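Here's what Swiss-Prot has on this protein:
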{"type": "BINDING", "residues": "GLY242, PRO243, PHE244, GLY245, ALA246, GLY247, LYS248, THR249", "note": "ATP binding site"}
Amino acid sequence: MVTVSEQTAQGHVIEAYGNLLRVRFDGYVRQGEVAYVNVDNTWLKAEVIEVADQEVKVQVFEDTQGACRGALVTFSGHLLEAELGPGLLQGIFDGLQNRLEVLAEDSSFLQRGKHVNAISDHNLWNYTPVASVGDTLRRGDLLGTVPEGRFTHKIMVPFSCFQEVTLTWVISEGTYNAHTVVAKARDAQGKECAFTMVQRWPIKQAFIEGEKIPAHKIMDVGLRILDTQIPVLKGGTFCTPGPFGAGKTVLQHHLSKYAAVDIVILCACGERAGEVVEVLQEFPHLIDPHTGKSLMHRTCIICNTSSMPVAARESSIYLGVTIAEYYRQMGLDILLLADSTSRWAQALREISGRLEEIPGEEAFPAYLSSRIAAFYERGGAITTKDGSEGSLTICGAVSPAGGNFEEPVTQSTLAVVGAFCGLSKARADARRYPSIDPLISWSKYLNQVGQILEEKVSGWGGAVKKAAQFLEKGSEIGKRMEVVGEEGVSMEDMEIYLKAELYDFCYLQQNAFDPVDCYCPFERQIELFSLISRIFDAKFVFDSPDDARSFFLELQSKIKTLNGLKFLSEEYHESKEVIVRLLEKTMVQMA
């Protein structure tokens, strides 16, 4: 929306603490406003984080080396905003929405003061108008459409337009760049406004027009432990806390590859640059199993790595969720992966310390919980004006020091999310992938998913709970056996322990390097879980613990082989038939 620019203020630096500057200004300034600081004739982007009388404190998003007293500061009159429109998919941005591939053309390193438009003028889009002259529209109403990959990108009345407007001119169908004016309108006061394919929105304000509805669709991710034991709904929230080396990033990469959603927003917030490079190298060559096209066609990457300024970590998190909310308004299912929210919290702690605020637990700011809650609450499912449903599922990785789940960031996250996938260093060291510990993890969506799947598989919810009980009992018996040995437990307990190990080894674990087992579709999960449930219900009588262990090891080996065979192939049916015959033979001979 094109409007008259607001009056801006100016000021001068009077004090500096790292990337935090104290500025005395003349004019009008508001909290969250974008400012530009002149350092060695380079304008550095900053954000107002505290206003007190005629002084403000601004956090600069880039290196402030060379900043001095008296340096000129200008205020834009705008909040920190995201540029939204066609062309964001397949994009690679930093936390301030600069296109990194464009910056890379100028230099191998990120030069401070460089700002690039997120949506290029060079790309042309086939615009089809939908609204007509004389139509009365409000924010979020459809102006036209352009194709973006396999999606129909809806060009909507900007969400910053809060008044009802009447269209006075509409561009004809054709090929234009994103910044071309495609419609003009007049509001009730007679004020003229023009609309392009691009709109801007403050990243720290929730972006929604429509009605929030309860999440009710299952999100299939191809990991048996998540889909069965710790399910997540589209529009839900979940977290993946774990110590260093437990596999948080690997798990998030799996979700970005195989989750049954339309668009994935990958936010690398403070993680190592090498992990981002891995994504950039792999994703263009990987095929989306749901569409058969490159994964990059549905992916947007925001990479603010640990080597970038601390202040930009916060903006990268909010930028990612704003882009996700924008695509949700088109009736699409979005998955936002934030890796890691702990780095964001550490940035908050650093800024809070420089502001001399009263610290909370472990020196984190007292408002940490409310900030984390506000972030996760931006997820959810909605019904848009045209009746379509969109969803935003948020997954946040948490990196507690030493794997301590009692620290403030993890506890604040657990209070608001719908599912908790706790990663275990012990399971990771034992090469149990994914290293999610089923004994400490939980999902508030378990009963709801059970009710949905009851229509497909009778007794699904009860069977899943029974499997979880086997795991708990098996873990208790295993700990007892470590103390007293196998001779100290009854044969019945030994059988429960071996069944729990079988379930863990053959169902909950998957081979990430196997082209078949790395992704398990839901139909295959149902069939395999039915086989495991049959083993749970079977009664065996063994002469000795060695006989029991030998039988279950053979069974494990055969089921593991089955997991690596193409689903419903001839080899698959033959292998499954061998397992069924072995079960029936053992039950007949020993029962």
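Numbering starts at 1 and runs along the chain as displayed.
Just so it is clear, glycine is given a Cβ too, placed from its N, Cα and C backbone atoms.
Overlay of Swiss-Prot feature records on the structure.
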residue : record           : contacts (Cβ under 8 Å, 6+ apart)
GLY242  : ATP binding site : LYS248, ALA397, VAL398, SER399, PRO400, GLY403, GLY422, LEU423, SER424, LYS425, ALA428, SER435
PRO243  : ATP binding site : SER399, PRO400, GLY402, GLY403, LEU423, LYS425
PHE244  : ATP binding site : SER399
GLY245  : ATP binding site : LYS425, ALA428
ALA246  : ATP binding site : GLY403, LEU423, SER424, LYS425, ARG427, ALA428, SER435
GLY247  : ATP binding site : LEU423, ALA428, TYR433, PRO434, SER435
THR249  : ATP binding site : GLU271, GLU275, ASP339, ALA397
ATP site shell beyond GLY242, PRO243, PHE244, GLY245, ALA246, GLY247, LYS248, THR249, criterion: Cβ within 8 Å of Cβ centroid:
SER399, LEU423, LYS425, ALA428, SER435
For LYS248 (ATP binding site), which DSSP three-state class applies?
helix
Neighbour count (Cβ, 10 Å) for LYS248 (ATP binding site):
25
